[in-house]
Amino acid sequence: MQMKLKSILLGAALLLGASGVAKADKGMWLLNELNQENLDRMRELGFTLPLDSLYSFDKPSIANAVVIFGGGCTGITVSDQGLIFTNHHCGYGAIQSQSTVDHDYLRDGFVSRTMGEELPIPGLSVKYLRKIVKVTDKVEGQLKGITDEMERLRKAQEVCQELAKKENADENQLCIVEPFYSNNEYFLIVYDVFKDVRMVFAPPSSVGKFGGDTDNWMWPRHTGDFSVFRVYAGADNRPAEYSKDNKPYKPVYFAAVSMQGYKADDYAMTIGFPGSTDRYLTSWGVEDRIENENNPRIEVRGIKQGIWKEAMSADQATRIKYASKYAQSANYWKNSIGMNRGLARLDVIGRKRAEERAFADWIRKNGKSAVYGDVLSSLEKAYKEGAKANREMTYLSETLFGGTEVVRFAQFANALATNPDAHAGILKSLDDKYKDYLPSLDRKVLPAMLDIVRRRIPADKLPDIFKNVIDKKFKGDTKKYADFVFDKSVVPYSDKFHAMLKSMDKEKFAKAIEKDPAVELSKSVIAAARAIQADAMANAYAIEKGKRLFFAGLREMYPGRALPSDANFTMRMSYGSIKGYEPQDGAWYNYHTTGKGVLEKQDPKSDEFAVQENILDLFRTKNYGRYAENGQLHIAFLSNNDITGGNSGSPVFDKNGRLIGLAFDGNWEAMSGDIEFEPDLQRTISVDIRYVLFMIDKWGQCPRLIQELKLI
């Protein structure tokens, strides 16, 4: 993935390299970097507005309405009272946090009839982009003469931090300096961070998650993947902590909502915050991703999710607690499966090797050997030498850091003992995790994860807990060891842990927690991870240097071609058209779906396709009102916009900058898109904004929200 400087310096996994050249109109473009070439192509596709209507330093623009929702999604401001539309799966954690067995908003949905009924969501934030400024010269000027890549990265991070500090951001702003274009350029970015965010409306999961894991990444799609929140501000309309006295935020700009629909080949544009892509990855990097990251992830998550699913199916309270965690895990699990299939189907490794041969020919014919001569060979060497460590780290991360939860809990517990000054923050984080945790379920997960670790990691790299405890005291029986941990440790149990914390002073607590079985396990796992990381880092720096030089070389090789920077969860736009596609020979997928498909798919015996009767009746009677087009209600649509994870909730705009949908997924046939964009196959799946309004109006009976919007 595209790595930030701090991730490179602190990361626990190998970094990836770069290759591949995207066409000028296929990319995730920085709005402040759009040029005449981009505009000409946008005009050709049907765009009608001036460029500064998208992003401007000195006047309101569409970018002012697009937000980072939570920690990894996008949202769009749609009213002058801070109303935000995003995806249901983006709001899923917030919906779950407010759900109980008696008030199950995941199952039944949530409708606030007044602003007073809107529910505050502790910990949820919304970020508005304030400005983005290129600072490449200021950073690069401090890097001259540094030849060691590790030192170069450290110095770059130091300079970036200094530039961010000089911005004098207040406590309600986030100021960062990010590397772009494979660490060849740098931009300073400032966000306003709003922390009073309230839940306004959520459809039932039978709508917002219709199709479940079966339909995830698939087309045709009939998912009403949306939820509604509101941003509140202080009396001065600036960000403020939650207060009952706060008022709805008055945004600089909000999006108008189109009721006009779309047809095939109409202009479509997304703006959002894509998380990471690897479009310049080399063939060796692609092999590494498949063998040493995706394959381990598929294996581990499949086993973990099977254990979770069985427990969730048997008990409603467990389902609520684990719903969000399961969805997040399964999403990336299925993505990895689809990515591997797509990479093979499209022969991406073969394409990358052809690109590498072209790069090598350019170097030879243009006398560039002194600068770029060893770039490809150094990348090949680094990937091959680092493959073993990367695979081991992925297995360790997926099993004991990301599989069983008790190891992470123990890390928090140990941090309380070793960082008493940060006591309140650590304890709050731990308590937040306790709310959605079942020790009895994790007791089943732990031995399954330990068994995978033993099978997949060499004996000399295993955490020493295997040799010293599991083998010595339990004769290798991981189930008996897991029972021991959960019987003797206080860490998995909120009540026991808090009782211990309250009954001891800091010194006694530190001594006691050090001997806790879960903490001993955690320390052993961390030590093993550090040893593997040490093996990985030398190759990681070599890969990072190769990436930087390879991209710089590509820019020289193609001087007249705009090469978009890989995604790094900063604001990007993508322009394209409404289009269906051919998934396989002899088949064609239409560019939109309708309510007819909901009735065809619905199945009361399936937890993924069951829909409440009162919703089905709306489809049966075709009670669509003004939201219909030719007597049908459009549910979802396709466009060839370029998106990835992080774009969830991104607004889809028409040629006039009006909202026509919310992006929520990509298609199964193009899961390789983070590495190789395939214009004939890759599609963005979006929920039609008219279906969103239909659910708010006809099902939710919430006209106050419709009245807030600017409908055109």
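Each Cβ is built from the backbone N, Cα and C atoms, and glycine gets one as well.
According to Swiss-Prot, the feature signal peptide maps to 1-23. Look at Swiss-Prot and you will find H89, D225, S648 tagged as active site, charge relay system. Positions annotated as coiled coil by Swiss-Prot, on the basis of sequence analysis: 136-173. The site 'Critical for substrate specificity of DPP7' feature in Swiss-Prot is assigned to G666.
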* Could you say which of the recorded positions H89, D225, S648, G666 has its Cβ with the most other Cβ atoms inside 10 Å? => D225
* Would you identify the secondary structure of H89 (active site, charge relay system) according to DSSP, in three states? => helix
* Rounded distance in angstrom between the Cα atoms of G666 (site 'Critical for substrate specificity of DPP7') and H89 (active site, charge relay system) -> 14
* Rounded to a whole number, how many Å is the Cα of D225 (active site, charge relay system) away from the Cα of H89 (active site, charge relay system)? -> 7
